[in-house]
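Database features, via TrEMBL:
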type	residues	note
ACT_SITE	Glu175	active site, proton donor
ACT_SITE	Glu372	active site, nucleophile
BINDING	Gln29, His130, Asn174, Tyr304, Trp419, Glu426, Trp427	substrate binding site
Amino acid sequence: MTNTCGPAAHPFPDLPAGFRLGAATAAYQIEGAHDQDGRGPSIWDTFSHTPGRTLGGDTGDTACDHYHRYSEDVALLRELGVDSYRFSLAWPRLLPQGTGPVNRKGLDFYDRLIDELLAAGVAPAVTLYHWDLPQALEDRGGWRVRETAEAFAAYTALAAERYGDRVERWITLNEPYCSAFVGYAEGRHAPGAEEGRGALAAAHHLLVGHGLAVRELRAAGAREVGITLNLDRIHTASALPEDRAALRRAEVLHNEVWTEPLLAGRYPAHEAETWAGLADGPWRLPGDLELIGAPLDFLGVNFYRPITVADAPHRTDDPELRTAVDIGLTELNPYRTRHTTMGWPVVPEALTELLCGLHARYPHLPPVWITENGCAELDPVGPDGVVHDAKRIDYLADHLTAVTDAIAAGVDIRGYYVWSLLDNYEWARGYSQRFGLVHIDQDTLTRTPKDSYHWYRGLITAHRARTEEPAR
Ligand code: GBH
């Protein structure tokens, strides 16, 4: 069902009263100023400066130069009319060595940003860790070692003490799947490792770090506390027994490693079958499950696309030589739909299915926020200074409708953040992918709101008017 129509006659999804709309970014993808005002190096500085690691050798050295242009970006958010802005703190800006001496100029930067957001009527939602681990901590073992989880707790305490009075929503980790498995097993993200036990230890220590951080946030009186996962809606290639077993392993790797300890206080049932004994390592200590499973105020879900898996031979028969993602899986792409420039199929109903599946499986599921959703398209700035990104508008409208379908089915979903406010540094894909509502000219760093920006603004205005939310 639809109500008013947006600029390009795209219908606005019918969102329930009180549903909140926001936009998201992450520090390394937008800030730049990688070596200014005392910021220490992160694993992404090291990785992106290593030849061959990122497309075209792109780095986040300058990115969107948000560190210097944040006022302009806050003005864009104010004009957009979002309730909330999700951004991340760069750990190495606050603690250049990961632990120890605090960098006052780094602390001041986020003070200014937060105060400007509040003055603009935009509630800050802070991600504490969006992949930029201080290099000094990686040099001491990174997420493979428990000390990193403890350092994360101390950093969280510092941030909560400093900003807790003004932050509405805290997200401990963004997509720990990527930190553990893309970073330490696939090697496509920093630190670029390809390991078995190391990646599984990293997964566990990320969860422990989350649990310790929640404890610090609670002690500091933080308002809302949660974590963001990139959960996958996984289809299986066939009903053959071997493909169904492959699906079960994929569910462990992508989803259950995170959701079982966080939401049900247990380790995944099929982890032994998935990792042939590698999973249950000495990194697990008594009491960890209680720590990790402490109640949350919300669960953040990032969603972009579904995946389909099939059984595949292991790359090696020796489990000791396997990485944590070598679990006998191959990904297929049977989707006969439009694909974005990331090569991802557009399947909005997969989001509804994912949310309904979570709701069915976890009786104690906290309220859900969609903390990222969006699509990459390359529409240029036209001669008239306009960016016609109709495909992005379609994508956002259809996924918001998928969210309303899940709400109608009984899932408690409170809000949605578009990924992303700005075109930005898309990790190993560099600047080749553009997710923004706002176009960035990579040479001049000029910001140009796209049609989707105007559409989203119209949606927010119409949603407020229709549901008669009190003025902020
Ligand atoms: C999210 O990751 C991130 O939170 C966000 O920072 C990111 O910009 C956004 O989605 C869009 O991707 O082909 O080697 O470059 C989603 C999961 C995992 C998807 C890594 C892209 C790229 C691997 N991402 N993957 S590579």
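The backbone N, Cα and C atoms fix where each Cβ goes, glycine too.
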DSSP-derived class (H/G/I helix, E/B strand, else coil) of His130 (substrate binding site):
coil
CB-centroid shell, 8 A cutoff, substrate site Gln29, His130, Asn174, Tyr304, Trp419, Glu426, Trp427, site residues removed:
Ala26, Glu175, Glu372, Ser420, Asn424, Phe435
Under a criterion of Cβ-Cβ distance under 8 Å and sequence separation of at least 6, what residues of the same chain contact Glu426 (substrate binding site)?
Gln29, Ala376, Ser432, Gln433, Phe435
Could you say whether, by DSSP, Asn174 (substrate binding site) belongs to a helix, a strand or a coil region?
strand
To the nearest Å, how far is the Cα of Trp427 (substrate binding site) from the Cα of Glu175 (active site, proton donor)?
14
Take the C-alpha atoms of Trp419 (substrate binding site) and Glu372 (active site, nucleophile) and report the distance between them in angstrom, rounded.
5
Where Tyr304 (substrate binding site) sits in the secondary structure, as DSSP reduces it to three classes:
coil
Note down the number of other Cβ atoms within 10 Å of the Cβ of Trp427 (substrate binding site), including every protein chain shown.
23
